[in-house]
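> Can you keep this structure in mind? I'll have questions shortly.
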Ligand code: DSN
């Protein structure tokens with residue numbers, strides 16, 4: 001047997017034998033995996049349905065159209081691009097479509113729970129080619145919307161990202177919209193982490209408030225790796241060509257041939273996420289996260305959160321990595337993470353980040369998370 005097949009088998013066993021708490025990870029369905037591993041991976045389809053640069057795309061067009069229709073219905077957007085390879089290319093495409101190099105953009109600071117593509121200075125595409133200003137969180141780790149407003153009014157960015165990767169609170173889309181509208185900025189909701197919670201009805205949707213929604217499809221949404229860019233009615237009301245601008249930025253602006261196998265797997269995941277079972281799943285994710293956070297707190301830890309699927313736990317100055325390794329040794333997989341206003345750094349953070357989407361997929365309920373929380377608190381305090 002090819003060594004790589006053996007390694008895949010080992011990884012599958014490892015994933016199933018350990019407790020997976022990285023909040024951006026999940027376990028996809030067999031049908032999602034079937035679509036990913038299908039012959040669709042053999043096909044080139046540069047362009048969009050009905051306008052391809054290659055022949056032989058009759059069935060592929062149907063697949064992409066179905067993914068688009070299902071995704072639009074699920075999110076309630078007017079237009080959907082399903083070709084972005086992942087979240088970073090999706091956000092890059094939005095920037096390419098709407099902002100010129102050197103113009104001002106605004107996003108949440110990385111160590112406050114933001115994302116690299118939301119304007120993290122100097123080392124990223126978004127921070128290097130655009131003039132980036134960033135907002136922070138308060139001592140509890142919550143966005144200070146008044147300070148955000150002051151920053152936006154003073155700096156007048158052309159585009160604002162409302163989105164997070166390590167933020168345990170509900171986002172107030174209306175407040176974001178008021179701030180963005182005050183200065184006429186594009187408002188982009190990056191819902192990568194919470195897409196599953198939104199479509200499952202346990203987090204408010206940004207769609208009525210923002211111009212654009214971006215999201216990966218592999219986190220709480222439980223689909224394949226990939227991303228979508230949605231254009232809302234508010235977006236089209238502002239610019240009738242917005243959908244075209246987004247599509248052109250994805251292809252040919254940034255990418256070549258779309259990964260049709262991923263797009264088919266997205267269509268599968270969108271269908272799965274539109275059912276009643278998924279609503280129950282989303283509710284259970286949030287219940288489980290709350291129980292885990294409460295248990296850790298009862299165990300004496302300082303926990304940021306939670307109102308959603310994740311929490312950030314203060315494990316002591318610069319101890320995040322060391323604690324994450326100790327947990328890994330105990331079969332519990334988390335990631336080291338900065339805490340709000342961390343005195344350490346992204347390389348030596350003082351926290352760990354944990355979430356419940358993956359283990360909720362595995363059937364974990366509140367009692368399981370109480371037991372897990374007690375174990376984690378013991379390990380952290382060792
Ligand atoms: N890497 C993702 C996460 O873990 O949240 C964000 O892109």
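Any Cβ shown, glycine's included, is placed from N, Cα and C.
Automated prediction, rather than curation, is the source of TrEMBL annotations.
Heads up, here are the entries from TrEMBL:
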type    : residues                          : note
BINDING : 110, 114, 115, 116, 345, 346, 347 : (6S)-5,6,7,8-tetrahydrofolate binding site
DOMAIN  : 3-373                             : domain 'Serine hydroxymethyltransferase-like'
MOD_RES : 219                               : N6-(pyridoxal phosphate)lysine
SITE    : 218                               : site 'Plays an important role in substrate specificity'
> Taking ligand 1 as the reference and 6 angstroms as the Cβ limit (strictly under), which binding-site residues among 110, 114, 116, 345 are close?
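Checked binding-site residues vs ligand 1; nothing flagged, none.
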> Measure from the CA atom of the residue listed as 'N6-(pyridoxal phosphate)lysine' to the CA atom of residue 347 ((6S)-5,6,7,8-tetrahydrofolate binding site) and give the result in Å, rounded to a whole number.
24
> Between all pairs in 110, 114, 115, 116, 345, 346, 347 (listed as (6S)-5,6,7,8-tetrahydrofolate binders), what's the biggest Cα distance, rounded to the nearest Å?
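Across 110, 114, 115, 116, 345, 346, 347, the two farthest Cα atoms sit 16 Å apart.
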> Provide, as an integer number of angstrom, the distance between the C-alpha atoms of residue 346 ((6S)-5,6,7,8-tetrahydrofolate binding site) and residue 218 (site 'Plays an important role in substrate specificity').
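So the alpha carbons of residue 346 ((6S)-5,6,7,8-tetrahydrofolate binding site) and residue 218 (site 'Plays an important role in substrate specificity') sit roughly 24 Å from each other.
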> Restricting attention to the domain 'Serine hydroxymethyltransferase-like' (3-373), give the mean pLDDT.
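The average pLDDT of the model in the domain 'Serine hydroxymethyltransferase-like' (3-373) works out to 97.
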> For residue 218 (site 'Plays an important role in substrate specificity'), what is the tally of other C-beta atoms lying within 10 angstroms of its C-beta?
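Here the count is 25.
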> Using other CB atoms within 10 angstroms as the count, which residue among the binding-site residues 110, 116 scores least?
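The binding-site residues 110, 116 were compared, and 116 has the fewest Cβ atoms within 10 Å.
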> Any idea what the Cα distance is from residue 219 (N6-(pyridoxal phosphate)lysine) over to residue 116 ((6S)-5,6,7,8-tetrahydrofolate binding site), rounded to a whole Å?
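Residue 219 (N6-(pyridoxal phosphate)lysine) and residue 116 ((6S)-5,6,7,8-tetrahydrofolate binding site) have their Cα atoms 17 Å apart.
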> Go through 115, 219, our recorded positions, and report the one whose Cβ sees the most other Cβ atoms within 10 Å.
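Within the set of recorded positions, the most crowded position is 219.
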> Same-chain residues six or more away whose CB lies under 8 A from the CB of residue 114 ((6S)-5,6,7,8-tetrahydrofolate binding site)?
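Looking at Cβ-Cβ distances below 8 Å from residue 114 ((6S)-5,6,7,8-tetrahydrofolate binding site), excluding near sequence neighbours, one finds 107, 108, 120, 134, 161, 163, 164, 165.
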